[in-house]
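**Q** Take a look at the following structure, please.
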Amino acid sequence: LHRSPGVFFDHDKGKTHSSGKVLYNARVIPYRGSWLDFEFDPKDNVFVRIDRRRKLPASIILRALEYSTEEILDMFFDTTYFQFKSKKVFMQLVPERLRGETAKFDIKNDDGEIIVEKGRRITARHINQIAQLNQPEMEVPLEYLVGKVLAKDCVEKKTGEVIATANSELTLELLAKLREAGFKKFETLFVNDLDHGPYMSETLRIDTTSNRLEALVEIYRMMRPGEPPTKEAAENLFENLFFSEDRYDLSAVGRMKFNRRLGRDDLTGSGTLSKEDIVEVMKKLIEIRNGLDEVDDIDHLGNRRIRSVGEMAENQFRVGLVRVERAVKERLSLGDLDAIMPQDLINAKPISAAVKEFFGSSQLSQFMDQNNPLSEVTHKRRISALGPGGLTRERAGFEVRDVHPTHYGRVCPIETPEGPNIGLINSLATFARTNEYGFLETPYRKFENGVVTDDVDYLSAIEEGNFVIAQANVALNEKGELIDDLVPCRHKNEFTLMSKEQVQYMDVAPQQIVSIAASLIPFLEHDDANRALMGSNMQRQAVPTLRADKPLVGTGIERTVAVDSGVTVVAKRGGVVDKVDASRIVVKVNEEEMVPGEAGIDIYNLTKYTRSNQNTCINQTPTVNVGEPVMRGDVLADGPSTDMGELALGQNMRVAFMPWNGYNFEDSILISERVVQEDRLTTIHIQELNCVARDTKLGAEEITSDIPNVGESALNKLDESGVVYVGAEVNGGDILVGKVTPKGETQLTPEEKLLRAIFGEKASDVKDSSLRVPNGVTGTVIDVQVFTRDGVEKDKRAVAIEEMQLKQVKKDLTDEFKILERGIFERARTLLLANGFDE
């Protein structure tokens, strides 16, 4: 869950400057490439930063985009013209622009009556009176022009001399000069303190550059300090920053968010920035500073998106491809082009290395939590704000971790870890899904003409704000109409009461707002939120018991969790159960579900006593009997922690709240002897121990039952190959696999040399390095697997294991053949009887 690419407007909450002044900023975040920031300083000048480096006046980037001072002023300001007529000065009159100003002279009507006295503030009433005059111009004293700013260069037509440049402030001397040069009319910028600040005009004054090249050099110096700039280098650098497809990409999501935030109708476009994009971002920032627009909320789920596994793998693949491209270019520049073959050029190692590194050592590539079916499902539905390109625990503040109104139906407000990761790691809500852009959506039932339909629309956080949405448990009559006149609803992320006619959607189900783990808690609405958080986290830690026991009180989602987690065996097609034993189920498929030319038999081999990632036991037991009809999707066998196809994490125990001689002081629990006798809370744990025979410098290690200095009793659980029997009960210190390692040659005495010459090799040149059971562990060996490298001769035990596996496959084939034979016989018999043959 990371910040979506696009453009974001924000402010510093008054924390940057000691005066507490709120400084606004805009940030363009691409999917890959340099960040572009615009910000105000305490003096209300606009600055730009590229990749969070040193700030430059924002007009520099506009100059680099080939805009002149006049064009910049024209883009950001409205203008008012003034005219000299004989000795008087007239101003263009737009009444609305006078609002909020203090009158610097008496404003009169045609009859000479004063509308606004000098020194009074001009109000809306005054503006109406001025508008009624219906005059295009109004006479003003000359002093009124002092301090106004020119919008265009004033150039004398005859000589071409520039008397005053754009953005210069008018003074009495300058006005006299303009009059002398014969200027009758000139334009000034319209600024006021209310909602048209002089920000860009002020910024141009602190900008030292005057043309495109100077601006490019300034940007080059900021990006590459210490390097001498040349014209080509400066141009290339600027071009590559935001306008090159190789270096910069907003992505489809980024472009959609960018265009939507700037109020454009078309949500598609180029992945790189254009001149207009940069100008519009600055305009929007100035609008926000003028109080005409609002800043964004970064924690809104419309501004945060899910980056899925596939997308992250794709990014790693791109990294690998870029490395390959670089290597190929290097080789092409060096070698003789005629002699090079394509396979000499391209080396796939960098790609596989990048992908392997991602799946092997990325922070988000995790070992599956396989304690029980719920922990599996939850782990796969987890959403993390940490990891590469995300937040870090230390830097994440309170706002990021907090529950946001847009989490409703998308992210669970309850299930999150306690501790440093609280709120950074979340769980997907029950019905949430991601849309094409990676934003979370949640389903709602639609209302049409006041009646709720079964049509379901998925809405994202942005779309949802525009609708009025009722709760899942609102009272409806048989027709599906709302009963109450006032209905509790959500609108624009607020809970309100609204009339029933305004309701457009309603929630799908009450558990829509919580995750799977939280929706398994019965009567969740009566639970304290903190305890519900602990409960939903603790359910994932339940170890599967020997006999699962489904809960007496459930919430109705248990079966769905058990089936969707994949631990149960589900019928692929309907049919009749033909054979059942502890390790396989054979189903004869219904004729109507068969595919022509395919055997109508489904054989399900069950997983028996397998180790999970957390060393708990995965074991499947059949729940059907021979001759039972089954339908597609029915549960044929229970897995760990499931009982008759329902999730069963614990046991239904009879509990008493009573003191018992102090044995249950505080959080101690006392259990009866019957609980132990009936194995109610007994769990099976499976451990895997490995033993490898390697080739050493002194010779090969050997797996054998002939181990030096070990008594017969220690070897009675091993076969002749030196491997323990399946079913042997072993205790700490027992040998599981006998292995000997060659010892280094020691200096022999003359006597030993003589003995060795007479009797040959002595057995003591090997040492015992057998695999033993760790101390404190007791249990039964349930499986042995022997792996042999290709081309090495297999020992007897490896051959025996292979034969057993072949036997299993043959058994499946034989059963399939027998059922087919029986089916054909039955069909032939039916046909013959139908044609009048006797039994």
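Including glycine, each Cβ sits where the backbone N, Cα and C put it.
Quick paste from TrEMBL:
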- 3-81: domain 'RNA polymerase Rpb2' (DOMAIN)
- 203-307: domain 'RNA polymerase Rpb2' (DOMAIN)
- 366-433: domain 'RNA polymerase Rpb2' (DOMAIN)
- 444-509: domain 'DNA-directed RNA polymerase beta subunit external 1' (DOMAIN)
- 570-805: domain 'DNA-directed RNA polymerase subunit 2 hybrid-binding' (DOMAIN)
**Q** Go through 3-81, 203-307, 570-805 and flag the stretch with the largest number of C-beta pairs under 8 Å relative to the domain 'DNA-directed RNA polymerase beta subunit external 1' (444-509).
**A** 203-307
**Q** Kindly report the helix/strand/coil residue split of the domain 'DNA-directed RNA polymerase beta subunit external 1' (444-509) according to DSSP, in that order.
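**A** For the domain 'DNA-directed RNA polymerase beta subunit external 1' (444-509), the helix, strand and coil counts are 7 helix, 35 strand, 24 coil.
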**Q** Within the domain 'RNA polymerase Rpb2' (203-307), how many residues are helix, strand or coil going by DSSP?
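**A** Across the domain 'RNA polymerase Rpb2' (203-307), DSSP assigns the residues as follows: 54 helix, 3 strand, 48 coil.
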**Q** So, by DSSP, how many helix, strand and coil residues make up the domain 'RNA polymerase Rpb2' (3-81)?
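**A** Helix/strand/coil tally for the domain 'RNA polymerase Rpb2' (3-81): 14 helix, 29 strand, 36 coil.
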**Q** DSSP-wise, what's the residue breakdown of the domain 'RNA polymerase Rpb2' (366-433) into helix, strand and coil?
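**A** Summed by class, the stretch gives 15 helix, 9 strand, 44 coil.
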